[in-house]
Amino acid sequence: MKKRLFVLSLILLVALDQLSKFWIVSHIALGEVKPFIPGIVSLTYLQNNGAAFSILQDQQWFFVVITVLVIGYAIYYLATHPHLNIWKQLALLLIISGGIGNFIDRLRLAYVIDMIHLDFVDFAIFNVADSYLTVGVILLVICLWKEEDYGN
């Protein structure tokens with residue numbers, strides 16, 4: 001993926017995350033639940049002071065440090081490995097985008113705005129940036145696993 005396309009995609013993904021959070025705050029009261037696709041997905045405005053599943057509540061300094069380290073390393077890795085396959089680049093793009101999206105919330109608000117609730121399973125409420133992070137990490141693990149299988 002060319003550098004310009006990567007940066008444009010990064011900006012677009014972070015903007016999509018931030019716009020989704022802005023919309024939720026503007027249209028749904030804190031704690032309110034609105035069915036989006038009944039029985040499948042609801043929108044719920046939640047202020048998360050922790051990480052996934054609300055662990056490590058009120059430890060913002062910890063998340064800021066970890067986020068800076070992970071994003072910094074991902075950018076360093078991209079810069080020093082210019083010939084990565086498209087799947088690894090996509091994985092790192094998603095990880096960086098998700099990290100930046102939640103980082104903006106932590107710096108600006110001291111919490112992360114979550115809003116997506118899966119009605120059909122008992123699962124934590126999450127946001128668009130969390131989705132990027134999850135898909136990015138899964139994709140990166142698959143890439144690394146495949147490399148190990150093929151001895152690369």
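Note: Cβ is positioned from N, Cα and C throughout, glycine not excepted.
The active site annotation in Swiss-Prot covers Asp114 (among others). Around Asp114 (active site), the C-beta neighbours below 8 angstroms that are at least 6 residues distant in the chain are Thr44, Leu46, Gln47, Asn48, Ala124, Ile125, Phe126, Asn127, Asp130. Look at Asp114 (active site): DSSP puts it in a strand.
Around Asp130 (active site), taking its Cβ as the centre, 21 other Cβ atoms fall within 10 Å, counting all chains. What Swiss-Prot lists as active site is Asp130 (among others).
As annotated by Swiss-Prot, transmembrane segment applies to 5-25 (among others), with the evidence given as sequence analysis. Beyond the ends of the transmembrane segment (5-25), by six or more residues, the same chain brings 43, 45, 78, 89, 93-94, 96-98, 100-101, 104-105, 113, 115, 127-129, 132 to within a C-beta distance below 8 angstroms of the stretch.
Long-range neighbours of the transmembrane segment (61-81) within the same chain, counting only residues 6 or more positions beyond its ends whose Cβ lies under 8 Å from a Cβ of the stretch, are 6, 51, 89, 92, 95-96, 99-100, 102-103, 106-107. The transmembrane segment feature in Swiss-Prot is assigned to 61-81 (among others); the stated evidence is sequence analysis.
Taken from Swiss-Prot, the feature transmembrane segment covers 84-104 (among others), and the record attributes it to sequence analysis. Beyond its flanks by at least six residues, the transmembrane segment (84-104) meets 1, 6, 9-10, 13-14, 17-18, 63-64, 67-68, 70-71, 74-75, 77-78, 112, 127-137, 139-140, 142-143 of its own chain at Cβ-Cβ distances under 8 Å.
Sequence annotations record features per position, and here Swiss-Prot assigns transmembrane segment to 125-145 (among others) based on sequence analysis. With a threshold of 8 Å between CB atoms, the same-chain residues lying at least 6 positions outside the transmembrane segment (125-145) that come near it are 13, 16-17, 20-21, 44, 46, 48, 52, 85, 87-88, 90-95, 97-102, 112-117.
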